Amino acid sequence: MKVMECQTYEELSQIAARITADTIKEKPDAVLGLATGGTPEGTYRQLIRLHQTENLSFQNITTVNLDEYAGLSSDDPNSYHFYMNDRFFQHIDSKPSRHFIPNGNADDLEAECRRYEQLVDSLGDTDIQLLGIGRNGHIGFNEPGTSFKSRTHVVTLNEQTRQANARYFPSIDSVPKKALTMGIQTILSSKRILLLISGKSKAEAVRKLLEGNISEDFPASALHLHSDVTVLIDREAASLRP
């Protein structure tokens, strides 16, 4: 696990975008694993900038997203389908037919998880997977206690995760209680993982991660089992770093 400490969130975002861009330049038809939430937004802004100023092309890439809320249609402003289109896809030249996100509005969520896992597997190993981390160590929506052998599955979101995401919704009662997420084993199948951590609220999670103890009680600790993980942390997130 390689750890890079950045002075600011902006610097973190620039480095993450450059690493992702280099992956695309080396392999124009790369499979990118994408994340949502507040932390990756700066990376997406920087990738859009590279597209506009350096002619970085996304024309041949394929994207697979980590997760999606259950029960939200793709045009719901709080869905991750909407998030990805709004923050990234509509600003670049990628093909919509090559964007893959779990269908949280499927009639049979378990069947949708199996379909999505098979889809990700059929694309071959993801070339680079972007990740964020929750205060409780969750990656994707894999909450504490999730098996490291898990594949794409339906998860019941714990109260801490729902509270953290409530800022995007009218109220806590509007936050879905379930989601579909790639499993930890699915994530670990990626060739390279880029973990982005920003802000004082994540400092305790950084401390636990870098202590190196591997436990299903702290899902992100599974990343120690992967051979190519880069962790980008800003100064605030690094404030309790061991």
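Cβ atoms are placed via backbone N, Cα and C, with glycine included.
Of the residues proposed, ARG114, ARG115, ARG167, the one Swiss-Prot records at the same beta-D-fructose 6-phosphate site as THR36, GLY38, THR39, ASP67, HIS138, GLY140, LYS202 is ARG167. Reported as a whole number, the C-alpha separation between THR39 (beta-D-fructose 6-phosphate binding site) and ASN136 (active site, for ring-opening step) equals 16 Å. Using a 10 Å Cα-Cα cut-off around GLU143 (active site, for ring-opening step), the binding-site residues THR36, GLY38, ARG167 reduce to an empty set. Neighbour list (HIS138 (beta-D-fructose 6-phosphate binding site), Cβ cut-off 8 Å, at least 6 residues apart, same chain): PRO144, THR161, PRO219, ALA220.
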